[in-house]
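Notes for the one structure printed next.
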Amino acid sequence: MSTTHPSGPSRPSGAAARAGTVIVAVGAVAAVLGYLGTEATDLPRAASVIDAVVALVAAGLVCFGVLTRPRAPWRTVDIVTAAVLAVASGVVFWAWTQLWNAVSPAFSGFPPGQAVMYGMWFLPGALVPLVVRKPGAAVFAELVASTLEYLLASSFGAPVIVYGLVQGLCAEAVWAAFRYRRWGLVPSALAGAAAGLGAALLDLVYYYADWSGPWKLTYVVAVVVSGAVLTGGLSWWLLRALVPTGALGAFAAGRSRELV
């Protein structure tokens, strides 16, 4: 007769608990800095509160995901692949910036309309997690890609690194909300949308504070939709295109046909 008993939910390891504490601490610091930054520039108090709330919510979701994730440590192949994809994304970021600047005059009559192009900057926050399926992949990929974009002399300057961190954290929050167990098109689209929300709010606070209410609303909606469609859709298409080549044979993504 078997003496095996059903196992209950696993308790988070000490390392996971420490990681969760660090994540919340980083989120709290980001919230405080965002609040103080907007206060220092005399922007509306609501803007600084939104910055703080977004940072704390994202950090809380990531913490939840880390504490409840399946135990699957990063392998060398995960790190190398994530880095390669992030570097490639950084080059795409730089090229997309050139295109963005080139077509900007076409949107001079209605600047918020250009936001439909924004989603390309969130690509690694969805694609890399889809491939490696590890906690922290979105933050890692967005941060590496944005840092490389800066080193390639982006016209947006050093702030792109801050944007990369925020976009990565917001995308990571979605994967964490699914407890790092869902890797389909829907989570990918939501990750892109979340990254778009974080980026759009930063833009409104630091660049477009003088826009009218309708322009601001249009801009946020356009960036979020661009993130969901362009980021989520393109990431999923790239993943499906790579699977038949065998390039992802070392990953669960290369052996899975999950559609949702």
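Just so it is clear, glycine is given a Cβ too, placed from its N, Cα and C backbone atoms.
Sequence annotations record features per position, and here TrEMBL assigns transmembrane segment to 15-36 (among others).
What TrEMBL lists as transmembrane segment is 48-67 (among others).
The feature transmembrane segment is assigned by TrEMBL to 79-103 (among others). Long-range Cβ contacts of the transmembrane segment (79-103) within its own chain (Cβ-Cβ under 8 Å, at least 6 residues beyond either end) map to 114, 117, 120-121, 123-124, 127-128, 131-132, 134, 137, 140-142, 144-149, 152, 154-156, 160, 250-251.
According to TrEMBL, the feature transmembrane segment maps to 115-132 (among others).
Per TrEMBL, the feature transmembrane segment maps to 152-178 (among others).
Positions annotated as transmembrane segment by TrEMBL: 185-207 (among others).
The transmembrane segment annotation in TrEMBL covers 219-239 (among others). Counting residues 6+ beyond its ends, the transmembrane segment (219-239) has Cβ neighbours under 8 Å at 111-113, 115-120, 122-123, 125-127, 130-131, 184-185, 188-197, 199-201, 203-204, 208, 211, 248, 253 in the same chain.
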